[in-house]
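Notes follow once the structure below has been shown.
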Amino acid sequence: MLVLALLSAIAPLATDMYLPGFPTMADELDTDAASIQLTLTTFMAGLAIGQLVIGPLSDRWGRRRPLLVGAAVCVVASALCAVAPNVGVLIGLRFLQGFSGAAGVVIGRAIVADTVRGVAAAKIFSLLMTIAGIAPVAAPLLGGVLLGPVGWRGVFGVLTALAVVMLAGSFFALRESLPVAARQAGGFLSVARGARLVLGNRRYLGYALAMIFAMGALFGYISASPFVLQTIFGLSSGWFSVAFAANALGVTFGSLANARLVGRAGARRLLVVGLVSLLVWCVVLVVLAVSGGLRVWSVLPLLFLCITSLGFVMGNATSLAIAEAPSAAGTASAVIGAGQFTVAAVVSPLVGLGGSGTAVPMAVVMVVSAGLAVAAFGLLTSGRGVGGYRYAGGAPATSSGAPS
C-alpha cells in the first residue's frame, strides 16, 4: 500500500514542488517567466501523453515491466533536471520526467483494479486519491520550505530521491498483478481494441468524466487561490499557507470518511453526495462572487467545503469507472489520468482571464466544472453496468489479493 501511495504521489509532487523557485530559476537560467512557465506546461503534457501510451501498453505487457522502465527513466530525467544548463534543456527534460513518471500514476491504479474488486477497491482508491489530491496542494508548501536551504536544483534532487524510492519499492515490493492469460494480445490492434472497449462504454465515460470535470474545480482553485486570497482578501503568505493546508486536510477528511462509509452506503451513492455537495457549494460561491458579497470569512469556509466534497468524488468515480472495463484497466486508468491533466492545462489560464482583482473567474470555472461533472454522471451512468453497479449499494467486497 505504501508503494502504491508513492506511485500516486510522485507525479503530482513533481508537478509543482518547484513553483516557489520560478523567479530564482528565471534569474539563474537567464530567461523570462514565460519560458520557466513552459517547463510546467511540458511536464503536464508529458504526464498526459505518457498515461495514454503506458496504460494501454501495460494491458499488453503486464504491469511490472512498464512500471520499472518508467521509474528508471524518471530517476534519470529528474537527476538531469537538477543539473540542466539552460531552460531549453530543462523544458525537454521536464517532458521526459512527466512522460516516465506517468507510469507510476496509471499503473498504480491498474494494479488496484487487477487485485481487488468492489468496496475494497473503492476504499483503496479513496486513499490513493487522497494522496493524489493532497500532493499538488502540499507540494508548493514543501517546495517553499526546501527552496531556502537547497535551492531549486536541490528541489529536483529531492524529486530524484523520491523517484529512486519509487523504483526500489516497485522492484522489491510489487508483484506482477496481471496474469499472462488476462493480457491483451495482438500488439497495436490490442491497444485499439482496449481503447474501443473503454471509450465505447457509456457508463465508464460517465464516471470518468465526472471525475475529470470535478478535478477541474480543484485545479481552478489551485491556480486562482494565491491571487484571490492574497491580492483580493489581503492574506499574508503565512496565512495563505495555513488556508492552503486546511483545504488539504479537508480533502483528506472527505476521502477518509468516504473510505469508512463506502462499505455501508455504496460507492455510487456516496459519489452522488460528493457531486451534489460540490455543485451546491460552488453555486453559493459564484453567487456571492458575482453579487460582490464575498468576504474572507465566507470564501474560506466555502472553499473548504468545496474541496472536502471532492473526497467523496475522486475514489468512488475512479473505482466505478475502472470496474466498467476490468479487462482493459490500464487503458481505463490512462483515460482518466490524461483527462485530469488536460483539464488542468485548460483551466489554469481560464481563471486568469478576469485579472487578479476579482474572484469571479475562479468561482465560474469551479461551478461550471462541478455542473459538467454532475451532468456527465446523470446523463451517462443510468442503467446497469458491467462492473460498477455490482457494489453501488454497498455489496460485499471481493478480492483477488491485496496489493502491497
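If you go along the chain as it appears here, the first residue is 1 and each next one adds 1.
Keep in mind that glycine also has a Cβ here, set from the backbone N, Cα and C atoms.
Quick look at what TrEMBL annotates:
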type: DOMAIN; residues: 1-381; note: domain 'Major facilitator superfamily (MFS) profile'
type: TRANSMEM; residues: 36-55; note: transmembrane segment
type: TRANSMEM; residues: 67-85; note: transmembrane segment
type: TRANSMEM; residues: 91-112; note: transmembrane segment
type: TRANSMEM; residues: 124-148; note: transmembrane segment
type: TRANSMEM; residues: 154-174; note: transmembrane segment
type: TRANSMEM; residues: 204-224; note: transmembrane segment
type: TRANSMEM; residues: 236-258; note: transmembrane segment
type: TRANSMEM; residues: 270-290; note: transmembrane segment
type: TRANSMEM; residues: 296-315; note: transmembrane segment
type: TRANSMEM; residues: 327-347; note: transmembrane segment
type: TRANSMEM; residues: 359-380; note: transmembrane segment
Other same-chain positions with a Cβ less than 8 Å from the transmembrane segment (327-347) and lying at least 6 residues past its termini are 41, 44-45, 47-49, 51-59, 63, 102, 105-107, 109-110, 113-114, 182, 184, 191, 193-195, 197-199, 204, 208-209, 211-213, 215-216, 219-220, 223, 318, 321, 365, 369
Per the Cβ filter (under 8 Å) with a sequence gap of at least 6 from its ends, the transmembrane segment (154-174) is approached by 2-3, 6-7, 10, 13-14, 17-18, 21, 63-64, 67-68, 71-72, 74-75, 78-79, 81-82, 101, 104, 111, 143, 146-147, 403-404
Result, the transmembrane segment (67-85) in contact with the transmembrane segment (204-224) (3+ CB pairs under 8 Å)
no
Distal contacts, the transmembrane segment (236-258) - CB-CB under 8 A, six or more residues away
122, 126-127, 129-130, 133-134, 137-138, 140-141, 144, 221, 225-226, 229-230, 270, 274, 300, 303-305, 307-312, 314-316
Segment-level pLDDT (mean, integer) for the domain 'Major facilitator superfamily (MFS) profile' (1-381)
87
